[in-house]
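Annotation source TrEMBL lists domain 'tRNA methyltransferase TRMD/TRM10-type' at 6-225. Under the heading S-adenosyl-L-methionine binding site, TrEMBL lists 113, 133, 134, 135, 136, 137, 138. For 208-276, the entry in TrEMBL reads region 'Disordered'. Per TrEMBL, the feature compositional bias 'Basic and acidic residues' maps to 208-222. Look at TrEMBL and you will find 264-276 tagged as compositional bias 'Polar residues'.
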């Protein structure tokens with residue numbers, strides 16, 4: 001059976017949403033993955049199918065009822081052991097390691113909250129993983145669920161076309177991704193780095209590695225520190241990041257004779273996807 005995303009939500013019409021387009025959409029059409037929704041509203045109580053109630057202890061907003069969520073999750077429960085994830089700002093930060101784990105399994109069930117959140121008891125009863133996509137608050141979990149599913153789907157076999165497409169992306173080895181350049185070789189007085197036009201694959205690989213280390217050290221010192229700590233624990237040395245220079249970063253002005261495209265680059269090497 002294909003990798004399956006089951007989304008428990010008050011707004012099933014939001015899915016697959018943007019995941020029905022581009023590479024993910026083609027994968028959906030080809031049966032490489034499936035997207036199912038479970039509408040919470042029919043499980044609501046009373047004439048208006050209420051799914052929420054006032055919080056014990058007082059306070060603003062409403063809380064989604066545990067009995068309503070429980071009934072929906074029981075119907076959505078899968079025999080394949082797929083993990084159930086609740087998108088919430090208080091959850092652990094979503095990492096590429098999490099994404100790879102979800103993508104390697106049979107799929108994932110995602111609970112999308114609304115209002116002030118979900119009654120704690122149902123989260124405990126179903127042993128739901130609480131996951132956050134960042135330190136900010138959204139109107140509901142649906143948008144966050146789309147982020148999670150997009151990250152997973154693009155790793156599924158056949159979706160991106162090439163098995164190597166995700167190998168050198170940000171976080172794939174604990175580093176952020178290196179800068180990218182394409183035609184024209186010179187643009188607005190800014191030239192692409194000479195090394196990328198050289199055809200020397202060993203030098204290109206070395207440059208990209210150095211740039212990944214530099215970008216990670218400058219923009220995500222937490223990742224760099226964690227990587228350094230891991231290297232120390234395993235006895236492996238973390239190479240020092242190369243200092244930033246204009247030539248390294250392709251920002252030199254009027255430098256070099258490169259007016260055409262290098263022969264070793266082709267448009268077929270360009271892959272969709274913008275890791276963040």
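Cβ coordinates come from backbone N, Cα and C, glycine included.
All TrEMBL annotations are machine predictions without curation.
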To what whole number does the mean pLDDT across the domain 'tRNA methyltransferase TRMD/TRM10-type' (6-225) round?
95
Assigned element (helix, strand, coil) containing residue 138 (S-adenosyl-L-methionine binding site), judged by DSSP:
coil
Out of 133, 137, 138, which of these binding-site residues shows the lowest number of other CB atoms within 10 Å of its CB?
137
Name the residue among the binding-site residues 113, 134 whose Cβ has the smallest number of other Cβ atoms within 10 Å.
134
DSSP three-state assignment for residue 133 (S-adenosyl-L-methionine binding site):
coil
Including all protein chains shown, what's the count of other C-beta atoms within 10 A of the C-beta of residue 135 (S-adenosyl-L-methionine binding site)?
7
Reading the DSSP string in three states, the entry for residue 113 (S-adenosyl-L-methionine binding site) is coil
Quick one: DSSP breakdown of the compositional bias 'Basic and acidic residues' (208-222) into helix, strand and coil?
14 helix, 0 strand, 1 coil
Under 8 Å by Cβ from residue 136 (S-adenosyl-L-methionine binding site), counting only residues of that chain that are 6 or more apart:
89
